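Here is what Swiss-Prot says about this protein:
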SIGNAL    1-15  signal peptide
MOD_RES   T18  phosphothreonine
MOD_RES   S21  phosphoserine
MOD_RES   S23  phosphoserine
MOD_RES   S24  phosphoserine
MOD_RES   S25  phosphoserine
Amino acid sequence: MKVLILACLVALALARETIESLSSSEESITEYKQKVEKVKHEDQQQGEDEHQDKIYPSFQPQPLIYPFVEPIPYGFLPQNILPLAQPAVVLPVPQPEIMEVPKAKDTVYTKGRVMPVLKSPTIPFFDPQIPKLTDLENLHLPLPLLQPLMQQVPQPIPQTLALPPQPLWSVPQPKVLPIPQQVVPYPQRAVPVQALLLNQELLLNPTHQIYPVTQPLAPVHNPISV
């Protein structure tokens, strides 16, 4: 019995070893197969790349190299440097259009025609200069000529007008009653042509008879009050 048990234990131990060896061999076989497949795949990919390089040789990118141009060295900026601040863009502010205010036109009020007052011409007064006694003494004249001049007393020359005074026509002024906000001035009429001609004749011929005057030269109008 003991011998049978020992024989069975030995057989189990051998079987376990064989099973372990078989499992390890299977693992090694699978790993080998994977390696072989990987190598085949790499070989196949390399062969395809070589085939494409042979078919399209002109399409390979070539580096652009200029014989007379040296590479420009660029300084590496540290990453902590902040970017440069750009000036803010200022948009134009729309300004309100200034409208020109039209100036108010001054209202022109029509006034009645007023006859100009004619004045009589006067002859300028001739004032002869009388030499003083001191001036006579300063002159180099003989004494017999100076004595009669010194004894003479200067007499005033009467001032006379060449034309007699003529009456001046006074322009009638309107009389307005003190009524608030209701004042109507009377219309002034123009002087007739006959009165202007008569005034011209009086100026040209002062000897013309002036008095008596039966009618006034210009009609006098009474003011109208409301």
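Positions of Cβ are set from backbone N, Cα and C atoms, glycine also.
Taking only the Cα positions, the spacing between S24 (phosphoserine) and the residue listed as 'phosphothreonine' is 10 angstrom. The Cβ of S25 (phosphoserine) has 10 neighbouring Cβ atoms from other residues within 10 Å, across all protein chains displayed. When Cβ atoms from all protein chains are considered, those within 10 Å of T18 (phosphothreonine) total 10, not counting its own.
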